[in-house]
Amino acid sequence: MARSKTSHNWLKEHFDDKYVKMAQKDGYRSRASYKLLEIQEKDKLIRPGMTVIDLGAAPGGWSQVTSRLIGGQGRLIASDILEMDSIPDVTFIQGDFTEDKILEQILEAVGNTQVDLVISDMAPNMSGLSAVDMPRAMFLCELALDLAGRVLRPGGDFLIKVFQGEGFDVYHKDIRKLFDKVQMRKPSSSRDRSREQYLLARGFRGIDGAASIERF
């Protein structure tokens, strides 16, 4: 009975959520679109003609926003473990990003192109136990940073969902070695009870002289 009540409360919160209603009205696949739109409004992160990688893309809310902003001259490579309905001019790679074969598929899709921006809204399935969830979340963050270090052009940018807890401070220090400017963002469209924040790193310096970050 308690579980049924919890499910009912979640559904009520979901459908009463103004961002869910806005997404339905505006044609976005998820409320997450407004998190990226809010960051974009503040930081002007995405520009026409850019090459972008979107990790944790399904159901496609961030990809929809990014595709519109980069326009026909831009290029977007998206990936998720879940299926995602196609979006025009978006290359989608389905698979588990923790597996090397999926990394290789992404790198193959990138080819010799230098990437302007890597964005990641990835998160593990949460158990509610911090001792379990934080290592899983940080593992995904490390892998996303590893990819960014491989593909970003000098001066490129990196936006990633993070959860503060064990391992975050070391991760934050690693990023500060690789980028000129690092800031935290908490969009108003992110639910108050959510521990998520977004780390925005700008001005990729390249890996020369910085700590080597190895893929696990």
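Even glycines carry a Cβ here, placed using N, Cα and C.
Record note: Swiss-Prot gives Gly60, Trp62, Asp96, Asp121 as S-adenosyl-L-methionine-binding, and the candidate from Asp43, Asp80, Asp146 in that site is Asp80. Among the record's S-adenosyl-L-methionine binders, Gly60, Trp62, Asp80, Asp96, Asp121, no two C-alpha atoms are more than 18 Å apart, and one pair sits at exactly that spread. Neighbour list (Asp96 (S-adenosyl-L-methionine binding site), Cβ cut-off 8 Å, at least 6 residues apart, same chain): Ile81, Ile102.
In sequence order, Leu55, Gly56, Ala57, Ala58, Phe92, Gln94 constitute the residues six or more apart from Asp80 (S-adenosyl-L-methionine binding site) in its chain with CB-CB distances below 8 Å. On its own chain, Asp121 (S-adenosyl-L-methionine binding site) has Ala32, Lys35, Asp54, Leu55, Gly56, Ala57, Trp62, Lys161 as residues at least 6 apart in sequence with a Cβ closer than 8 Å to its own Cβ.
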